[in-house]
């Protein structure tokens, strides 16, 4: 349940999509790494907030207690700490596992690919962060997925908001995961969860509501930097200062048109410490709708400066920022689009079919195809002793093989091969 | 335990290796598919002989009882049956999981890649089987792994041997998995396991021993076809007839020089029904050694005509034959070879580093690198506001970036960029 097989046409489409993502990651100078799908259970616990209950655990069959990885970020942090690496730009494309309620039509699976790009190291503020946003912008533009917006916020700003609204520090993380639901449910519901489940005072909740419903650009950053309460909070001030710097760099990249500083963005994971972001596709407006509607998140990420230190025996920190491309939702969109277009994706790359027009020529076919393979040519033949020529040509048409290399009795006698262009039916002897 | 991270240099080497394998599979017209790493536990049970106890099971967290795939063959058969596919040539490269005793120096891991190529469908005998052997031959030759031999046998011949030696049919599979150990332990040990653990009579064991120590080529096939007992056994006769046909096709492919018909080859898995094969690398002879020594299996496979039917509600059979390339052992060899050569594999593909010779030029760097990325050029910059030029050029040398695009105050004023060849130190303004 919640997993799926990829038939050849889907595997070919996915390959095309992943190639586009990898080529962007390589364009930005990232190296590939790979980590096991299995991690020690203790490595994963306590890193994912409410997601922890969705971790797949392996049965205790003796030996270590294992779990399937939940994302690629925690394994990356574990890898950095284990190998004492303080500086790295890497990408990783692999499957992760979550015992979530599957919603396969919307691209939500229990086994799904993540495509992560991360920059680890002590650098000047916001330079790597800006690059992560540039990458999201490049990938979503390259894939021509329609209009999109990249929301950005900062955990320090959110925590500052909570502080000035009178939320005790112990409730920052629970409050954060409640705010995170604002993109799916209306403020009223979020407010009632804050007051009910999370035990915030109604006044604090209302006060939070005034902030988290704000979104804008540089102007909003300036406004909040002047906010009498928020400007007094050290964390919020730091976050707003960095946000301003980030917008400066994004202006140089020429991508601020798609960026929205959005105080409702919280991200569900525990490990973020600074900038956070999430890209959503906007529905194409068919009727007169006031504002474009989001059809879901297709990329997300942020800064997690404390995670590596959690795996280091001496707690040494390695600041990190990274982005994860939500490839499954994008895949669903591309799949629907391909279906609508009626385009048929070739699932093989075969250049030539070795065929015979008469019986008793299997040996000739086997000899010829062997020569072609040895010369690096992609070649197939039907696995029958005496297939009909029509069947052989039909196979070319069905699978998109452009050429047939035909050996008949005459060709054998003359020491030639007849090469036929399947589409035009033109033939040359060679 | 028994898993490993791949650092960038290893990931790059693995990528190179897998590319060689994939390009061979594509040369033979295979399409890619993908299946989940998780399978229902019941799908895997009873397919792997003594391997079944090595299956990783997931904890029962509610819902289905799951396990990690043990190979790619059983999931392929499940996929064919589930989708009622009767005809397919596919490849699949993915990780599989076995709770085996790891021996990482010899390339034995608990999580490891398999690279499988299989042909499913009702075809004329031995044509797809011969192609599988040709593929093994091509891959091992392409990778220049030194001398190798591909052992072939047939389960029907083995079962025929067991039958004429007086083994009851119920003991064919246990006897088979004991014979399979002949490449690791001497005959005496195999014999005593047959008599002790497996309960065969000493006479039957001795009789089996006479057969399973034979190996050769077409001559041995002819000899066994004349064997007074074996030629009376229907199964053995069928197997020997097909083996003769196989050798005929392999002769046309020109690869019989590396093929050995070897009656000791049994293969451990339950699901094989016909031809089986296994490729082993031979140690380079340094001294005067009589016969080259095997350093382990690097590919294996065979025919499994009954497996798909086990997953079909009506038991409809789809004959299959396939090969699995043992990529981990090959990877270990290539890794050692790379280390010995001192060659340094580049782990990134960056073409140009955007650099500045003076301070306060971060904005110029960000603008230039953004233009390069948008033009599809692989470009990096250091994430510092004011890095020293020497540090920037050093980074190029360390990571193999061939060019530096330098913008200084003069270049900015002139509206040019200075492009420097890092190796030759030549510079052009453009």
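One is the number of the first residue shown, and numbering goes on along the chain from there.
Including glycine, each Cβ sits where the backbone N, Cα and C put it.
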Listed in TrEMBL for the L-histidine site shared with B:71, B:72, B:73, B:114, B:118, B:267, B:271, B:272, one of B:41, B:98, B:99, B:106:
B:98
Given a separation of at least six residues and a C-beta threshold under 8 Å, show me what packs close to residue B:272 (L-histidine binding site) in the same chain.
B:155, B:302, B:303, B:304
Among B:71, B:72, B:73, B:98, B:114, B:118, B:267, B:271, B:272, the annotated L-histidine contacts, find the widest CA pair distance and round it to a whole Å.
21
Which residue, of the binding-site residues B:73, B:114, has its CB surrounded by the fewest other CB atoms within 10 A?
B:114
Looking only at the domain 'Aminoacyl-transfer RNA synthetases class-II family profile' (B:1-357), what is the mean pLDDT?
93
On the three-state reduction of DSSP, what should I expect for residue B:114 (L-histidine binding site)?
strand
Sequence gap of 6 or more, C-beta under 8 Å: which same-chain residues meet both conditions with respect to residue B:71 (L-histidine binding site)?
B:48, B:96, B:114, B:116, B:324
What does DSSP say about residue B:71 (L-histidine binding site): helix, strand or coil?
coil
Which number gives the other C-beta atoms within 10 angstroms of the C-beta of residue B:267 (L-histidine binding site), all protein chains shown included?
23
Secondary structure of residue B:272 (L-histidine binding site) (DSSP, helix/strand/coil):
coil
